[in-house]
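**Student:** The structure is given below, and queries will be raised subsequently.
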């Protein structure tokens, strides 16, 4: 299969987004959007850095990679619309596996009526998937990390640590309860773009997606908003069978595990009932886990009130996926 | 240097595009565009597949990679506005080299007032650069490959084969005339987005950028437009000192060399004077190299009239950068 045959096989025959003007097949894609603001982000996934084929099928790799990108759009309050896929293909991947990878993206994308409108396919030594997503947000309704204010309630969607637990189970085969649930949370995370859309009417909302662990993202939110953000350890939502793991594992995974792709938000107390109602209407679990207060113009950051009721600074310890860039040699 | 330090070092302090709403620093970037259509494309460049450090400095790699992307926008008739950079960084690249790479992109981007509005930085084994570009085109003024019609004049910008010649010279050190010119054409190709913008008033124009060699792109244009496209070998523009190479080298490089990033277009004969005038006003070399005719609803493709005046089918032999995807095993 050459590049042209691959492109033919992944090219959509029809497009779902009414704003599309020109999809795949020319030097670039074109769309039109005059009513809303345009939101865009890119994420890259490298084999054996971000995923391995020993724990995920090609389908899962495609599905989860696009999910991670859609999560960035959701965290801005945006509706997903388009994606472009740049892929580096090594000889170790065959046609069936590539089809599986694209099928995974297609399934995830279809859940949000997204269209694949461009990309690039090149040869190389390591499978590398770089996905650009484009979405729409009503004007001036983008939800920034910097929008948290003292007095806000801190909430999260879903449960924490399941993805890290699933990955652990895949790497350490043993007797576990409800393996299928944890595998699915690791391989096919749920994204809450629909829930976020429903919150459009709220005048103010800060949002961040939790790709690198709640400790990391809570700090990002606090720093961007120049506030102090406190969360209660025992309010962090976990799944029914999460308690089968050791206390250490649970603590590490739920705070630093990352890749659950849940959302963390802050909302004025007056908006909390609305958040809960919209969550219910979109079958999204939401939990109030803490509060925002003034940091007195300095010492912005995140704090954790542990089970012993002691409040400590919550250190960033999430994945950063880039630790070894060397100083000049 | 960790991910955050790298992002800080490449983050723009101010943005040039008036349509920007939110640049780097949240989950995604946001812009607003109600008057024009939005054009987007992505291209990926892998070390030792698309470039090597033995023939290019990091600065050149950055410069040329973004140039290749802008070339796609120009070929749609679009004005460049934004870019996002996804990079896989191996341990073999140090901070200085990375800064050079981003400086190359910055220099190229600044020539078009482009803003860097997002990206991703991850670790991996092979330096891989994936650039997404976004531009604007006046409504219904996009220039497709499919817009060529019988009777059109076929024209190209610039000269052909210089990039391939420059690469050859870099790989085969010897006594050459005007090495610096050929090196520059290989490392820092000129892009003609300004010329294309000036042609906006023309009612119809087909455009394609020549990244994979003129033989390949002429066929793409002919197939997309369902026409036959004929070019004269001896009208293909070459640079002053291109004749220092053998006949075989010249033939191969100018037709199949690729990566000159020149444009090929077709325009009704009535518009040719305008094209020449706008070329002159933007210091762009344009040359009439052939003609479009009806292919009788079949046998679309490109033809070459050689120096012997014999007309032959021009086979696609350009780079495709993906030759080894295997059938299922």
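Glycine too: its Cβ is placed from the backbone N, Cα and C atoms.
What TrEMBL shows for this protein is this:
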| type | residues | note |
| --- | --- | --- |
| BINDING | B:27, B:72 | Mg(2+) 4 binding site |
| BINDING | B:27, B:72, B:209 | Mg(2+) 3 binding site |
| BINDING | B:43, B:72 | Mg(2+) 2 binding site |
| BINDING | B:43, B:120 | Mg(2+) 1 binding site |
| BINDING | B:50, B:259, B:319 | substrate binding site |
| BINDING | B:102, B:119, B:120, B:145, B:211 | ATP binding site |
| BINDING | B:212 | Mg(2+) 5 binding site |
| DOMAIN | B:25-137 | domain 'PurM-like N-terminal' |
| DOMAIN | B:149-297 | domain 'PurM-like C-terminal' |
**Student:** In angstrom units, rounded to an integer, how far apart are the Cα atoms of residue B:212 (Mg(2+) 5 binding site) and residue B:50 (substrate binding site)?
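**Tutor:** Distance (Cα to Cα, whole Å): 12 Å.
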**Student:** Go through the binding-site residues B:50, B:72, B:119, B:211 one by one and keep only those whose Cβ is less than 8 Å from a Cβ of chain A; report them in sequence order, or 'none'.
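**Tutor:** So the ones by chain A are B:50, B:72, B:119.
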**Student:** Could you check the binding-site residues B:43, B:209, B:212 and say which one's CB has the fewest neighbouring CB atoms inside 10 Å?
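**Tutor:** Comparing Cβ neighbours within 10 Å for the binding-site residues B:43, B:209, B:212, B:212 has the fewest.
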**Student:** Measure from the Cβ of residue B:211 (ATP binding site) and count the other Cβ atoms within 10 Å, all protein chains considered.
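**Tutor:** Taking all protein chains shown, residue B:211 (ATP binding site) has 24 Cβ neighbours within 10 Å.
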**Student:** Taking just the CA atoms, what is the gap between residue B:102 (ATP binding site) and residue B:120 (Mg(2+) 1 binding site) in Å?
**Tutor:** 13
**Student:** Within 10 Å of residue B:211 (ATP binding site) (Cα to Cα), which of the binding-site residues B:50, B:72, B:259 do you find?
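**Tutor:** Checking Cα-Cα distances against residue B:211 (ATP binding site), the binding-site residues within 10 Å turn out to be B:72, B:259.
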**Student:** Among B:119, B:120, B:145, B:209, B:259, these being the binding-site residues, pick the one whose CA is nearest to that of residue B:72 (Mg(2+) 4 binding site).
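**Tutor:** For residue B:72 (Mg(2+) 4 binding site), the spatially nearest of the binding-site residues is B:209.
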**Student:** Round to the nearest Å and give the CA-to-CA distance linking residue B:145 (ATP binding site) with residue B:209 (Mg(2+) 3 binding site).
**Tutor:** 10
**Student:** Using a 10 Å radius around its CB, how many other CB atoms surround residue B:102 (ATP binding site)?
**Tutor:** 20
**Student:** Could you check which of the binding-site residues (B:43, B:50, B:119, B:209, B:259) sits closest to residue B:27 (Mg(2+) 4 binding site), going Cα to Cα?
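**Tutor:** In terms of Cα distance, residue B:27 (Mg(2+) 4 binding site) lies closest to B:119.
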**Student:** Between B:27, B:72, B:120, which of the binding-site residues has its C-beta surrounded by the fewest other C-beta atoms within 10 Å?
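**Tutor:** Each of the binding-site residues B:27, B:72, B:120 was scored; lowest Cβ tally within 10 Å is B:120.
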**Student:** Consider the binding-site residues B:43, B:50, B:209, B:259 and say which one has the Cα lying nearest the Cα of residue B:119 (ATP binding site).
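**Tutor:** Considering only the listed binding-site residues, the nearest one is B:43.
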**Student:** Please report the three-state DSSP label of residue B:209 (Mg(2+) 3 binding site).
**Tutor:** strand
**Student:** Would you mind reading off the Cα separation of residue B:50 (substrate binding site) from residue B:43 (Mg(2+) 2 binding site), to the nearest angstrom?
**Tutor:** 11
**Student:** Look up residue B:50 (substrate binding site) in the DSSP assignment and reduce it to helix, strand or coil.
**Tutor:** coil
**Student:** Round to a whole number and give the Cα-to-Cα distance in Å for the pair residue B:120 (Mg(2+) 1 binding site) and residue B:43 (Mg(2+) 2 binding site).
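**Tutor:** So the Cα of residue B:43 (Mg(2+) 2 binding site) lies 15 Å away from that of residue B:120 (Mg(2+) 1 binding site).
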**Student:** Under DSSP, is residue B:43 (Mg(2+) 2 binding site) helix, strand or coil?
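**Tutor:** DSSP assigns residue B:43 (Mg(2+) 2 binding site) to strand.
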